[in-house]
Structure formats: C-alpha cells, structure tokens
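Quick look at what TrEMBL annotates:
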{"type": "TRANSMEM", "residues": "26-51", "note": "transmembrane segment"}
{"type": "DOMAIN", "residues": "33-451", "note": "domain 'Major facilitator superfamily (MFS) profile'"}
{"type": "TRANSMEM", "residues": "79-99", "note": "transmembrane segment"}
{"type": "TRANSMEM", "residues": "106-124", "note": "transmembrane segment"}
{"type": "TRANSMEM", "residues": "130-154", "note": "transmembrane segment"}
{"type": "TRANSMEM", "residues": "166-185", "note": "transmembrane segment"}
{"type": "TRANSMEM", "residues": "197-216", "note": "transmembrane segment"}
{"type": "TRANSMEM", "residues": "263-287", "note": "transmembrane segment"}
{"type": "TRANSMEM", "residues": "299-320", "note": "transmembrane segment"}
{"type": "TRANSMEM", "residues": "332-354", "note": "transmembrane segment"}
{"type": "TRANSMEM", "residues": "360-380", "note": "transmembrane segment"}
{"type": "TRANSMEM", "residues": "392-413", "note": "transmembrane segment"}
{"type": "TRANSMEM", "residues": "425-447", "note": "transmembrane segment"}
C-alpha cells in the first residue's frame, strides 16, 4: 500500500521499465525522427509558402507599381534558400564540437527551440523587410546544422549493432518525411487560411516536439529511467567499454581526414543531396509551373516522391541488416549503386519526356525518388559502421553534403530554368544524373566494410602512451606512469 502512494526508487524504476519493456530505444528513435523532421520542415515550409503568396491577391502593396508585399523574385528565392546553407555551414563544426563535449540532449533541444521560434517569427520578418527575413532564415539554418551530428551520436550510443541499418535508415529518412508531411499540410493551410498559417503551424508543432524531447531524452541509455538491464545488454554489444569520456572527446581528426573510405562517404553525400535538394526544394515549382498542376493539388502531388523515398529508405535499411550472407563492404557498394545509378536513369528518362502527359512525368519522378532510398544501405550506413564511437563527427559532416548542395543547387536551377519549360528542366535532370554517377564511382572505389583503425582499443592505448611520453619530456615524473601504462595487460 505504501509503494502505491510513496513508491521506492526500485519500485518506480520497475514501473518505468515495464512501460516500454525492452523497446525504449525505438520510442526515443521515433521522437528524434519527429524532431529532425520538424527542423527540416520549418525550412521547407517557405518553398510552398512562396506559391501560396503568389496565389494570394489580398495583400497588395500601396506603392505605385502595385506589386505584392510578399512576392519574392527569383534571386530573392535563391538567397532565401542559400542563406540557410551558409548558416548551416558556419554552424557545422562548432555544433559537432558541442555534441562531442556535452551530448545532444542540451544542444539539440536548444537549437530545436531556436528553429521553432524563428519559424513563428517569419511572417513578421517578411512584413518588416527582406533583410529581416534573411536574418530569421539564417537562424533556421544554424539550427539545422545539428541534424546529422544528432543522428551520428544517437546511433553510436543507442543502436543495437544488428539494427544499426534500421536506425540509420529511419533517422536519415527525415529528409523525405519532412516534404511528405509539409507539402500537403501547407497546401491545406494555404487553402483554408492564408500563407502565415503555414509558419505558425510548423513553429507551434516544432516547439511542442522539442520541449518533449528535452524532458524525455538522455545522452546515454544507462541514464534513462525507462531502460532496463536486458535492453542495456543488447545495446552494449560490440561497443568499446574501455575508453573513458576524455578519450571519446579527443577525436582523432588527423587520422579521420587521412582515411579515403571516410572521404568516400562524404563525396557520396554530395551526389545524394544534389538530387534531394533538386527534387524537394523545387518539386513544387516544377509541378506548378512546368506541369501545370493547380496550387490546391500541388501539395499532395509534391508529397508523392518524398513519401516513396521515405518508404524505400525504411525497407532498404531493414534489408541491409538482414542480408548477412554478404560482407558489409559489398553491401555498401550494391545499395549505393542501386540508389545512385537507378535514380540517375529515371532522371535521364524524365529529361527527354515532354510535358503533355503530366501523370507519366509524376510516375517517373516518383521512381527516381524511390530508387534513391536505397542509400540507407550505402553511404548512410557506411558512416556509422566505419567511425563507430566517432560517428557524431563523421556522420555529422554528412550535413556538409546537404548544405553545400543547398547553397549551389538553387542558383544552378534558377539559372537553367528562367522560363520554367520542360526543355530547360531537361538540363537540370541530366546534370543531376551526371553528378550522381561520378560520385558513386568514387564511393565504390574507396569505401571499405570494417571499422577504421582509429576506432580500436589498441589505437587509443597507443595514443595514450604517446601522449604520456610527450608529456614526460616536459615533466620527467610522468615517465614512470608511462611505463606502467605500457605494462597494462591486453585484456584491459
């Protein structure tokens, strides 16, 4: 009776653990997926809001030329997208460092709330002036820099080694889940209300998600009250237990940057996100301006390609985990080639199609997006496998792929498609396909299937001894400690 009113710590912990059983990691994974989706959705909401603004005749300027207050030129659209990439690039390295030092609970929660508040302020900033709007977009981009470091850190600490592909594929699928949700939701909000409602709804949902995340998440499963011993044992299999926190914070940057397999992952990210940004940043424009879909249905049709890619990512991630008959390196090459070459082939087909049968164009575009989902068994999975406990740095820098291409793709697409005709878009599709083929060749040549040497116990023991020997030159009393470290048995 006393336990019911004033439960002991052991009783309370038992109740917590029984709530999700041995599946707490999946609950945390879904929560993080929704938070990642929210940050990307906050950025993508602008791409649909622009169409909603152009279709809104109620807000006209009082100036003599009679132009709309909320209308953006092609150059301004490009700047609005590129400023996000610039901010993410500037924020990438300091955020990766912060994640390594204090974990993702504080960093991700703070940046997520920053993204939510920035999104809520966008309608006001647009009315105040374009440069105020760019400042708010900069804050959105800075918050976005946390996404891939969060994925790397979470998978390194929370994933069970047999489910690594599932975890990675589920979390990186936020790139596709965001437009799949944002486009139809924005279309409905635009039809029912006006364009500001798009930003208010996204900001409010984002704020709710990150407050929940801040309260529920823990930086390691050992600290989470809902995680029991059975689940902890599963998660700990295959992880290094002898490296202390100070060693983990000391990332071997030099060794990582000298590893061709890591560069293969990063180069593949460039190819992947060239296609992703082309598709998801500009699909509303292509569907509305080129194929002639009406605004009220553009949101639903634009959601089809990312939804297909989202489902493909989940399926391919699970398949790559269960395909145990092949070495990891071979699986990385097969899945990445299937994704890049398959998507490039459909884009080349789309390039030479006319615009008279828009439904066929939609099917081909959807197939190109779906094929790209196989990357979860390719470079996306290779990053955490190769880097293990340093996945927050290696996977975190995959974000450079999305930000660099987000910076370049808008200017290239807008330069190639001044009139938004199918003939102009042909070159967009062909160039994107060529980039994907070239980057896949680099990946296939240099990727490997086993963790890199700098993730091993022996590497860190040798590094620790080397540090002690260097210090002993400055302080001779440390030399004795150095000899003792060298004599530590291998089993430790």
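Backbone N, Cα and C define each Cβ position, glycine as well.
Caution: TrEMBL annotation is automatic and unverified by curators.
Count of Cβ pairs under 8 Å against the transmembrane segment (299-320): among 166-185, 263-287, 332-354, the largest is for 166-185. Among the recorded stretches 79-99, 166-185, 197-216, 360-380, 425-447, the one sharing the largest number of Cβ pairs closer than 8 Å with the transmembrane segment (263-287) is 425-447.
If one looks beyond the transmembrane segment (106-124) by at least 6 residues along the same chain, the residues whose Cβ comes under 8 Å of a Cβ in the stretch are 35, 38-39, 42, 45-46, 95, 98-99, 133, 136-137, 139-140, 142-146, 150, 195-196, 199-200, 202-204, 206-207, 209-211, 213-214, 217.
Ranked by number of Cβ pairs under 8 Å to the transmembrane segment (166-185), the listed stretches 26-51, 197-216, 332-354, 392-413 are led by 26-51.
Contact counts against the transmembrane segment (425-447), taken as Cβ pairs under 8 Å, peak for 332-354 among the stretches 79-99, 130-154, 197-216, 332-354.
The list of residues near the transmembrane segment (130-154) in space but at least 6 beyond its ends in sequence, with Cβ under 8 angstroms from a Cβ of it, reads 28-29, 32, 36, 39-40, 42-43, 46, 72, 76, 79-80, 83-92, 95-96, 99, 103-104, 107-108, 111-112, 114-115, 118-119, 121-122, 167-168, 171-172, 174, 383-384, 387, 391-399, 402-403. Summarising model confidence by region, the domain 'Major facilitator superfamily (MFS) profile' (33-451) averages a pLDDT of 83.
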